[in-house]
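Asker: Okay, handing you the structure first.
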């Protein structure tokens, strides 16, 4: 069975429990179809099913522009909750609501208590960071941008026209393979290299803005090309995976103030916390070092020893040893060997 078919067969099971273990998938395949899966194939089946459910990582990177466009919505929700730590406090959050009915965190803060002063401080900082005037302007112009018919937005179109006019001040020379050498027509010694195929210029403005700079515009004007073909935003791709040298680390690098307990089950330090005994319910010690419990155990031991000494010891008679029957076999007579005629 191929991994693609198995991923479709296990789709519902993995969708219900995305953290399902590989051994459970192996047992399910063996009991249902009598197929023995290896750990690598089971991992590949699970990853293909997760990619089908959640999408691949590459597709998620390509949706970053959509996420940025849908991050700020006209409605922002506020909420607070308790923090269950030894220091206490409350967590204030501001969240947004996207068209897919998903909650997106915008800002959060940790305060002492949920009071009017703490909410005022949180909202003032939120308005300073986001800009209330910008949010209102975005919400007012949202419908006009959604219903905009052209491919290039108005402000970007104005910037492109400005760069197109500046491109007339530069001279472009074709050097082969879609590359051009651009120099100033006003006697300036500045020179730049433009690659229209890769959407690059040595001034770096073409790569940063996403639309052609004045040097690239001079090349486009010379070759009578369409500017729209060079203003598309490329998809955001995930970073290149590089496998580090050596065995991978199982623990992260800790800072100087973190406890350095060894072992995978290392616990947090209890410094600063007061212990409470679960035997006598007193403070300052635990059940293992409780003095009252030790006294009770010592008294119980003495009582047990005294009970052993007071009780008499009864000896059980040993059974008589009966000798085992021995059978005496009759001794066999040894007859002398006859002498042969040769010996005589």
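All positions are counted from 1 along the displayed chain.
Note that Cβ sites are derived from N, Cα and C of the backbone, with glycine treated the same way.
The shown structure was predicted, so the numbers you read here are calculated from the model rather than taken from an experiment.
Among the features that TrEMBL reports, compositional bias 'Basic residues' is placed at 244-253, 335-344. For 192-224, the entry in TrEMBL reads domain 'SWIM-type'. The region 'Disordered' feature in TrEMBL is assigned to 242-270, 299-344.
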Asker: As a quick check of your reading of DSSP, tell me how many residues in the domain 'SWIM-type' (192-224) are helical, how many are strand and how many are coil.
Answerer: 15 helix, 6 strand, 12 coil
Asker: Restricting attention to the domain 'SWIM-type' (192-224), give the mean pLDDT.
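Answerer: Its mean pLDDT is 89.
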Asker: With helix taken as DSSP H, G or I, strand as E or B and everything else coil, how many residues of the compositional bias 'Basic residues' (244-253) land in each class?
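Answerer: Reading the DSSP string over the compositional bias 'Basic residues' (244-253) gives 0 helix, 0 strand, 10 coil.
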